[in-house]
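One structure is given below, encoded as C-alpha cells.
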Amino acid sequence: MIALFSLTLVVFASSLQVEAQGWGSRIKVYANKGDNITLPCGLEGQSTMFGNRIKWTKLDDDSTETDVLISMGLHKRTYGNFQDRVYLLEMDDNDATLVITNLDMNDYGTYKCEIINGMNDNTVEVDLELRGVVFPYSPRLGRYNLNFQDAEAACLEQDAVVASFEQLYREWRNGMDWCNAGWLNDGTVQYPITKPREPCGGARTSAGLRTYGRQNKSNSRFDVFCFTASLRGRFYYLIQPKRLNFDDAVDACKRDGAEIAKVGHIYAAWKLQGYDHCDAGWLADGSVRYPISRPRKNCSPTEAAVRFVGFPDKKQKLYGVYCYKPEP
C-alpha cells in the first residue's frame, strides 16, 4: 500500500524544458528510434597547427562518464555499444559534430563533447531525447512485485527501457495520472498525479510527481514506468474467424509473418500513431489489452487509453491477437 511509505510531493517548474543554443551551451536534439542523428559540437575561431583533440562521452545517471569516441588527429577510437555506429562529421577543421547511426532506446541521455586545439578549447553538452511514450507496467504476479533489476528486465521484455524522470515529467505535463508507484532509471520511485484524491497521496495535496526518493534496488518492490520509442514496423489487430487462446494467438501471428505484439508496441502505436481498435487482444506477456484513441461508448467512453483487461487463463479462447511485423 502506498500509505506505508514516507511520501514527498515534488512539483517541478516548466523551466525544465528550457534549452540554450550555440557553442559552449546546452543543446537539445529530438530523434526517433532507428534514426541517424548528429550531435553538434565545434570550435570558434581559427584552428592552429596542433590539430584537434576531441572526446565524446555519455553522462550516466550517477555522474560517471562512458567513453563514446576519442579522436587525436588521424587516430580515432569508438567504444562499447557505439563501435561501428558513430563517427565525426568533420565538415571543416573546427567541426567535432558526432553522428550516431541506428539509434536505439539506450542511446537517449546527455552527451558531452570536449574539443581542444592549442590554446582554444570548448565543451558542449547535448541532451538527446527520443520521441516515445511512458507507460506503467506490472507483471502477471500483480502490483509491487519488481525490484529494480526485475523492473529493467520487465521493460526490456516489452520492447522498452526504464523511463527517466524527465520522460515521466513530460508525460505528467501531458496529463498522465497513475496512482501506483514505479521505478525510474535513477533508482527513485515516483508516480504522476494530475487529479489529487485521497487514495493517491491526499485530496488536498497539489498535482505533481510524487516521490518516495531513492529505494533499495535489491529489496524494495514496486511497479515500473517504462519508456518505448516510435515503432519501426507495423502493429495491427489480426482478423481471425474464431477467438483464440494464447498459444493460438502466437501461432496466428507467426503464420501471418509477424510476431505477437508486446506491451511497448501497443502503447507506441496508440500514442504516437493514433491506433484505435475496440477488440481486446492477446499480447506477448500474456496480458489482454486494446488501444482507444477516440473515446466512445462500449470501448472507452471517457478517455483515450490503452485499456487493460488483465492476465486471463492462457487456455481461454476468448480474445483476438495484436501482431507486430518489424521492418526488414
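Cβ coordinates come from backbone N, Cα and C, glycine included.
What TrEMBL says about this one:
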- 1-20: signal peptide (SIGNAL)
- 33-129: domain 'Ig-like' (DOMAIN)
- 133-228: domain 'Link' (DOMAIN)
- C179-C200: disulfide bond (DISULFID)
- 233-325: domain 'Link' (DOMAIN)
- C278-C299: disulfide bond (DISULFID)
Three-state composition of the domain 'Ig-like' (33-129), taking helix and strand from DSSP: 6 helix, 49 strand, 42 coil
C278 (disulfide bond) and C179 (disulfide bond), Cα-Cα, nearest whole angstrom: 25
Within 10 angstroms of the C-beta of C278 (disulfide bond), the count of other C-beta atoms across all shown chains comes to 14
The most crowded of the disulfide-bonded residues C179, C200, C299, judged by neighbouring Cβ atoms within 10 Å of its own Cβ, is C200
Report the mean pLDDT of the predicted model across the domain 'Link' (233-325), rounded to a whole number. 97
